[in-house]
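Heads up, the thing below is written out as structure tokens.
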């Protein structure tokens with residue numbers, strides 16, 4: 001059969017496809033002036049309807065699954081080709097301050113042809129009024145240069161003893177929305193200022209010396225300083241020998257010398273198989289995607305379960321938003337509530353991973369392609385890491401009568417990427433386990449965002465980490481969007497959500513020993529019922545069940561969402577940033593699938609008043625959930641009260657949640673994991689090699 005493209009409908013756009021999309025939109029500009037003013041914020045794949053994905057998986061791409069399509073009388077009618085791929089472009093016009101969304105159809109795209117790239121076809125072009133799209137790295141660099149050249153700013157820095165502008169760091173931050181002055185009719189930024197001590201030290205931590213008391217407002221459309229005020233003179237924190245993140249020895253200490261190398265090797269290669277972006281490992285299979293906003297996306301997650309064949313679990317998994325609100329009411333910290341996905345883009349801020357540092361073992365890397373501000377294509381090599389990890393003991397039992405013990409060692413497949421947003425690093429991980437669990441994990445690290453203190457000043461809203469330097473308390477919140485498909489074909493509508501709480505039995509005839517407790521289930525029938533919060537005191541969790549599939553005991557099959565460590569937002573309900581982040585009001589939201597409902601704060605949270613859009617608005621329809629195509633939105637976070645030990649580098653902090661089979665399998669999927677080989681130690685070149693990783697050999 002022929003097909004309109006050789007790439008799967010869910011594969012990320014290639015560099016050539018992005019070039020075609022940009023060239024097509026630029027050529028469609030009405031005048032040369034319009035074309036020259038186009039700035040390309042984001043170019044991403046238009047994800048096709050689920051029936052198109054099912055068709056592609058059934059007949060056009062391996063592993064070929066005709067059972068995905070509904071049966072029809074006389075057999076399914078098979079189209080001769082798939083529809084062409086499409087790109088969606090968010091374009092900012094620097095002259096008119098207008099934001100538009102373009103849909104471009106891509107024909108078969110080749111990297112180079114005699115006449116240049118094939119041109120696509122514009123399907124639609126829509127102006128989106130009263131919004132500001134995400135900021136771009138090019139704008140940030142231009143903003144820094146404009147501020148450094150502003151005479152009043154240079155004079156203010158001289159008052160602080162700084163004449164060399166090469167030492168100055170200007171971090172543009174989106175202004176958020178606090179009133180009409182922040183309305184999106186202007187593209188605005190309020191930079192934070194920092195200052196290094198040495199111009200020739202590339203590893204110096206410039207965030208160690210914040211410059212406080214300077215107010216700057218920049219028009220990012222025209223790149224001019226609109227407002228400048230030197231409000232108060234706060235001395236720069238003195239240079240601290242511990243300020244940098246170079247090795248300890250360079251700071252007068254002694255580096256640890258007793259750490260020996262650990263080498264993770266797989267002499268027979270990895271257990272996973274990769275065909276393009278399609279991954280198979282153990283009994284799991286899924287597709288890897290990547291977007292400029294979300295970064296890593298996992299599609300079409302399924303488990304191959306013996307005679308039951310391929311059993312879907314989820315159609316799409318990703319992290320769609322994050323918010324970082326600070327708890328210091330003083331200027332400028334009260335404005336720190338960055339929407340790092342919606343205002344910047346997690347994918348666009350990702351970076352290249354290095355073997356032996358970010359990932360260990362046998363690695364499969366995936367590159368990511370993006371457009372830059374002017375429409376050129378940039379590639380982040382080794383952006384996504386796929387590898388296997390030894391994960392400790394999966395199961396163990398020793399019979400006390402016989403003394404015989406059996407250990408089955410756990411292996412998991414990890415897909416990850418890491419991004420840097422100003423001072424913070426975020427690592428996003430999806431772990432697929434042999435017992436059917438999917439673990440979502442975020443690792444937070446990097447550098448604290450700091451404030452300067454007057455001599456002798458102490459603030460209760462943070463931790464003093466060095467003379468004249470303090471770290472404000474703050475929170476990090478992440479939103480995972482999970483388009484579930486438990487035992488459902490693509491687009492199936494046979495899922496429901498049940499909340500489970502453990503109830504302590506009241507004293508009485510049913511609890512004469514006062515020890516009784518039991519799990520109580522409640523069906524979440526509508527969107528408003530499904531606005532829920534974590535409750536560790538009742539071991540609260542939620543189960544996505546298929547209303548038509550049963551296990552061997554007659555129970556409905558399901559997957560449960562088990563919260564990890566979490567927190568509630570601490571800002572009062574009237575906090576202005578919560579108008580844009582109303583989704584922080586609850587830990588769990590459930591909606592029926594809608595193609596246009598992807599981002600919980602709306603698509604354009606930058607300078608957005610936060611009225612009438614996003615997750616908190618969608619659920620007001622109170623749509624039924626008893627049997628539908630379910631989407632889970634899980635909000636989880638951490639409250640960070642900085643420690644002295646978080647300075648000058650912040651060790652990794654882990655938070656996340658687990659999707660766990662619950663009545664999905666007829667017995668433990670770990671039963672067929674082979675016993676470990678830990679009983680036999682083999683000496684090799686004077687070292688003991690323990691083959692206890694099911695093929696992952698650790699040389700110690």
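Each Cβ is built from the backbone N, Cα and C atoms, and glycine gets one as well.
Here's what TrEMBL has on this protein:
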- 8-97: domain 'Copper amine oxidase N2-terminal' (DOMAIN)
- 133-235: domain 'Copper amine oxidase N3-terminal' (DOMAIN)
- 262-671: domain 'Copper amine oxidase catalytic' (DOMAIN)
Do you know the DSSP helix, strand and coil residue counts for the domain 'Copper amine oxidase N2-terminal' (8-97)?
33 helix, 17 strand, 40 coil
Local confidence of the domain 'Copper amine oxidase N2-terminal' (8-97) - pLDDT mean:
90
Give me the DSSP three-state residue breakdown of the domain 'Copper amine oxidase N3-terminal' (133-235), ordered helix, strand, coil.
31 helix, 26 strand, 46 coil
